[in-house]
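Written below as structure tokens is the structure these notes are about.
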Amino acid sequence: MEGPLSVFGDRSTGEAVRSQNVMAAASIANIVKSSFGPVGLDKMLVDDIGDVTITNDGATILKLLEVEHPAAKVLCELADLQDKEVGDGTTSVVIIAAELLKNADELVKQKIHPTSVISGYRLACKEAVRYINENLIINTDELGRDCLINAAKTSMSSKIIGINGDYFANMVVDAVLAVKYTDARGQPRYPVNSVNILKAHGRSQIESMLINGYALNCVVGSQGMPKRIVNAKIACLDFSLQKTKMKLGVQVVITDPEKLDQIRQRESDITKERIQKILATGANVILTTGGIDDMYLKYFVEAGAMAVRRVLKRDLKHVAKASGASILSTLANLEGEETFEVTMLGQAEEVVQERICDDELILIKNTKARTSASIILRGANDFMCDEMERSLHDALCVVKRVLELKSVVPGGGAVEAALSIYLENYATSMGSREQLAIAEFARSLLVIPNTLAVNAAQDSTDLVAKLRAFHNEAQVNPERKNLKWIGLDLVHGKPRDNKQAGVFEPTIVKVKSLKFATEAAITILRIDDLIKLHPESKDDKHGSYENAVHSGALDD
């Protein structure tokens with residue numbers, strides 16, 4: 001009689017694997033927990049080659065961690081997803097997911113089946129989103145530009161630029177409004193990637209500036225070229241204008257030494273003809289990602305055109321999109337002939353080389369197809385400038401979301417406290433097993449105001465109790481429903497009306513983080529078996545099919 005089927009690996013099942021997963025998730029959440037909120041602390045991460053990153057952006061911290069545990073990887077990917085989808089709320093989504101898992105694990109230990117917990121969580125998430133949309137949203141039309149500035153300031157409050165929040169919030173709002181365009185369906189769009197952020201260390205934060213136009217960190221190819229061109233016609237080339245050399249391996253047999261000179265002459269004429277074709281269309285600004293030989297620069301100087309070499313491909317794409325140009329990787333058409341047409345050119349009102357701060361930059365102003373904006377950041381050192389860039393990215397995304405969806409919710413733990421009270425009452429109305437799961441979901445949400453208070457060195461138990469009392473009153477007593485805007489004031493350590501204080505977050509940040517955290521918790525909760533296969537051993541003679549063939553083990 002044969003023995004049972006053996007699995008070549010380590011297998012853990014049931015409660016052991018669930019506890020393991022919950023512990024892994026909790027340890028990831030504990031890493032980012034202290035960086036949460038307006039008084040959160042920063043993390044210093046050093047990679048294997050010694051590069052240092054100082055940040056308190058949840059997505060960046062988790063991206064730089066090398067995590068082995070599969071359940072912990074789910075949370076790292078969750079933060080990355082929140083960053084890509086919304087741009088802000090990356091730390092809170094991880095903290096909520098870990099807390100949901102911890103409380104679900106407690107229920108499972110009390111012999112409640114994971115399926116009941118999962119269906120309870122799904123129901124609670126659905127109800128929470130409905131409650132936010134019906135009761136907690138504030139329409140931005142009634143608040144105007146102030147609402148955008150306050151949302152940006154709320155996003156920046158936990159970051160390195162929070163101290164100059166007013167200055168940067170106005171800059172961010174102006175930048176997002178500058179890149180606005182209307183798509184084919186008539187919807188306004190705000191492509192945040194069109195805001196070019198350049199960093200130059202030196203000076204203070206407050207000397208950072210917003211520039212109307214797209215800034216390139218390049219200079220003109222030759223001193224003899226004009227530094228300013230009005231009514232620019234821009235050619236975007238993704239190849240170098242250097243002397244054409246024959247490919248490696250090409251052999252030419254020559255009988256007459258004069259032919260060698262002709263070959264060399266032809267090599268230089270090919271590039272000369274390309275340049276003449278480009279200039280013949282009226283192009284007066286040529287941007288290329290490659291190099292331009294000095295001997296060819298004279299043709300541009302003679303034509304009075306501005307040629308810029310070594311432009312970053314990312315920048316070239318943005319310039320092409322903004323000016324309406326086509327990026328060409330070759331001049332050859334389908335027939336193999338080299339042509340360049342006027343339709344391939346982009347247009348801008350002005351291209352100028354200016355000295356801004358301590359650097360020479362090329363500014364492309366008032367492009368034809370779309371408007372663009374650039375922000376130049378100043379800071380004490382590279383670490384600071386990098387962190388400022390991450391902070392601005394979050395703020396830009398927040399302003400974009402507020403403009404697109406035209407609604408915000410109060411910050412400072414107000415939404416979580418309101419949902420916690422509502423879901424607790426909702427749970428008692430449920431007559432099924434889901435009641436316990438919904439109650440745990442409600443309790444899990446309090447981790448947000450709790451963590452905010454702990455990080456601000458306040459008495460979290462006292463503050464959260466007061467906050468819950470206000471929200472309970474708002475939901476029980478219709479006359480006092482304005483208390484639903486009450487959130488935490490972490491500087492003075494007391495509850496306050498966050499609608500009046502101007503602490504706003506985009507609705508989508510809260511809704512998405514709830515949905516993503518619930519889905520991530522459910523994904524990990526469903527796992528009840530973990531099989532880790534052993535790596536194939538090197539000294540196993542018959543480990544692979546090839547080895548078996550060579551050793552003759554397969555011969556009859």
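All positions are counted from 1 along the displayed chain.
Every residue, even glycine, has its Cβ placed from backbone N, Cα and C.
Here Swiss-Prot flags Gly37, Gly89, Thr90, Thr91, Ser92, Ser158, Lys159, Gly412, Glu505 as ADP binding site, drawing on similarity to another entry. With a 10 A radius on its CB, Ser92 (ADP binding site) counts 26 other CB atoms from all the protein chains.
Residues or ranges marked as ATP binding site in Swiss-Prot: Gly37, Gly89, Thr90, Thr91. Gly37 (ADP binding site) counts 26 other C-beta atoms within 10 Å of its own C-beta, drawing on all protein chains shown.
Cβ neighbours within 10 Å of Asp88 (Mg(2+) binding site), excluding its own Cβ and spanning all shown chains: 29. Annotated Mg(2+) binding site per Swiss-Prot: Asp88, in sequence order, evidence recorded as similarity to another entry.
Among the features that Swiss-Prot reports, N-acetylmethionine is placed at Met1, with the record citing experimental evidence.
Here Swiss-Prot flags Ser6 (among others) as phosphoserine.
The phosphotyrosine annotation in Swiss-Prot covers Tyr181, and the record cites similarity to another entry as its basis. In the shown protein chains, 14 other C-beta atoms lie within 10 A of the C-beta of Tyr181 (phosphotyrosine).
Swiss-Prot lists Lys199 (among others) with the feature N6-acetyllysine, giving similarity to another entry as the kind of evidence. Taken residue by residue with DSSP, Lys199 (N6-acetyllysine) is part of a strand.
In the three-state DSSP assignment, the secondary structure recorded for Lys400 (N6-acetyllysine) is helix. Taken from Swiss-Prot, the feature N6-acetyllysine applies to Lys400 (among others).
Of all Cβ atoms in the protein chains displayed, 13 besides its own lie within 10 Å of the Cβ of Lys494 (N6-acetyllysine). Under the heading N6-acetyllysine, Swiss-Prot lists Lys494 (among others).
Per Swiss-Prot, phosphoserine is recorded for Ser544 (among others).
Taken from Swiss-Prot, the feature phosphoserine applies to Ser551 (among others).
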### Query
Reduced to three states, what secondary structure does DSSP give Glu505 (ADP binding site)?
strand
## Note on the structure
Whole-number Å distance separating the Cα atoms of Tyr181 (phosphotyrosine) and Lys400 (N6-acetyllysine) is 12
### Message
If I restrict to non-local contacts, at least six residues apart, and a C-beta distance under 8 angstroms, what lies near Lys199 (N6-acetyllysine) in its own chain?
### Response
Ile376, Leu377, Gly379, Asp382, Cys385, Asp386, Met388, Glu389
### Query
What Cα-Cα separation, expressed in whole Å, is found between Thr91 (ATP binding site) and Lys494 (N6-acetyllysine)?
23
### Query
Per DSSP, Ser92 (ADP binding site) is which: helix, strand or coil?
helix
